[in-house]
Amino acid sequence: MGFERLCMALQGKTSNYDTDVFQPMIKAIASIAGTEYGKDKQKDVAMRVIADHIRTIAFSITDGQLPSNAKAGYVIRRILRRAVRYGYTFLDQKQAFMYRLLPVLIDNMGDAYPELMAQKTLIEKVIKEEEESFLHTLETGIRLLDKTAEEAQAAGKKEISGKDAFTLYDTFGFPLDLTELILREKGMTINIEEFNTEMEQQKARARNAAAVETGDWITLKEGTSEFVGYDYTEYEASILRYRQVKQKNQTLYQIVLDYTPFYAESGGQVGDTGVLVNEFETIEVIDTKKENNLPIHIVKKMPEHPGAPMMACVDTDKRAACAANHSATHLIDAALREVLGEHIEQKGSLVTPDSLRFDFSHFQKVTDEEIRKVEQLVNARIRANIPLQEYRDLPIEEAKEMGAIALFGEKYGDKVRVIRFGSSIEFCGGTHVAATGSIGMLKIVSESSIAAGVRRIEAYTGARVEEMLNNIQDTFSELKALFNNAPDLKGAIRKYLDENAGLKKQVEDFMKEKEAALKERLLQNVQEKNGVKVIKFCAPIPAEMVKNIAFQLRGEITENLFFVAGSKENDKPMLTVMISDNLVAGGLKAGNLVKEAAKLIQGGGGGQPHFATAGGKNPDGLNAAVEKVLELAEI
């Protein structure tokens, strides 16, 4: 018997949700929603779902499982989104609210699970971030689903197409089970077969975009390939086998060497480039990939003598830059854990010669102050010139005992390589600097969100930082020159902006006066034709001014108004028509009139029955276009 059922039996209740395990939470939800439990069946179900799900989510986060788009993390995200949807639909909760329930959960279960209190801030922030992220798309998605369901019901159907369900999944992040749940409440289903077809077609499109025509391996020599790149950047090698590859109308060759100093792309680090050299020729290696743990060298042409030994030479400048950036990602990872918390988990990385990026789990934007702290920690460790400690073929249990951090979800063998720079200890197969001083300096240039609960840092090191600082200095010097080398540049810029704002205000005031004067002049020159009050003019004024005048006139002349104007701004013509409601009811449509007359200014447009505009390329045709509108309206 489960704990909840035991409580139900001991307390003499007929439902788990009537026990003191759930009632404090349900009462809190009812209070937030401004409702009462037990009065409405749908609301009661929603409150029970939320009360149950908030426990699951909070305990999972406490145990270290954050919401994500993969594996167990995705299960947590779906549970949370299901609860958010119940609150949104049945309790009218359009803002994040579930995170506010955590104190109630802690009061109820904190004594038995003190970890809840210890991680309260983290749990609240993660839940709030997830709620806010999903609510951004939930409203649009539900509106689209409701419309789709209504159209299907109007057609006598009890099923929506798999294509519509796939759009919700692909565009709005609606899990299929959430769409099924919402439809089930409406007595409807999804065409699952069609949904699966759409999914397969998308996968096929992705496969076709990356289609590669690969030839068979041609073996020159039996043997295995050994990577020697941790110790050498040049090494004599022979080609074991090769094959031709065609992709996007380009023919390349893939080569396997018996010994290679070339690092193959993996672990986020790009592959080495360089050359294969012998007495006959030099072959450029444009990339190095890994296939089934085998280093594959990509070349544009095969050697004329493929059986001859060659010297494999890595581009050492590129290798050194990659090593510096890779070591920097390790220092960033360690610094993020110190500044933001131990919940930080690497979600991906990219190490190139020019820059690095590091993706990690976090529930909110990293503040400027936190970024500065991370930079300061990393740069302090760079200046400390901490030597590399490399452990090759270390038993994995021994690596874990020394505190090495593994990339979540990555599979490792019994023996691993560990890279250590002081307190930074990680499983890693990449190339690294001999000591942190070789990194030079690190500068974080951006921090952003790439998915719910996943942040991305991009940074430069070494010479790239120097280049960036030089560019900043050049920009500063140019700005200073623009302000006559003012000793207080910030003050000079502030004064300029204040003066500019003042001038802008004067221009706005002048334009308002001009607008008011033009409106009065137009009112004085109203032409009445067949009971219709016609206002027409052409003038070189902004389209926004014409629109303002048109709506003001419509407010003052409530019946029988026919307004048509040709305006020009920056040599671009604009035709505007405004019609009072009674004329619209009589059959006139501003959009139709504008669309036809706009041909005279070599343009097009449209709008509502009472108001429409059209832009064009020929300002010389404005007068004719205005007259054409009147002709079409038969005024």
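The backbone N, Cα and C atoms fix where each Cβ goes, and this holds for glycine too.
TrEMBL lists 1-471 with the feature domain 'Alanyl-transfer RNA synthetases family profile'. The Zn(2+) binding site annotation in TrEMBL covers His326, His330, Cys428, His432. Positions annotated as coiled coil by TrEMBL: 493-520.
Annotated features, which come from TrEMBL, shown on the structure.
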{"residue": "His326", "record": "Zn(2+) binding site", "Cβ neighbours (10 Å)": "26"}
{"residue": "His330", "record": "Zn(2+) binding site", "Cβ neighbours (10 Å)": "25"}
{"residue": "Cys428", "record": "Zn(2+) binding site", "Cβ neighbours (10 Å)": "24"}
{"residue": "His432", "record": "Zn(2+) binding site", "Cβ neighbours (10 Å)": "24"}
Tertiary contacts of the coiled coil (493-520), as residues 6+ beyond its ends and Cβ separation under 8 Å: 479, 483, 539, 541-542, 545, 548-549, 552-553
Overall pLDDT of the coiled coil (493-520), taken as the mean: 93
Local backbone state of Cys428 (Zn(2+) binding site), from DSSP in three classes: coil
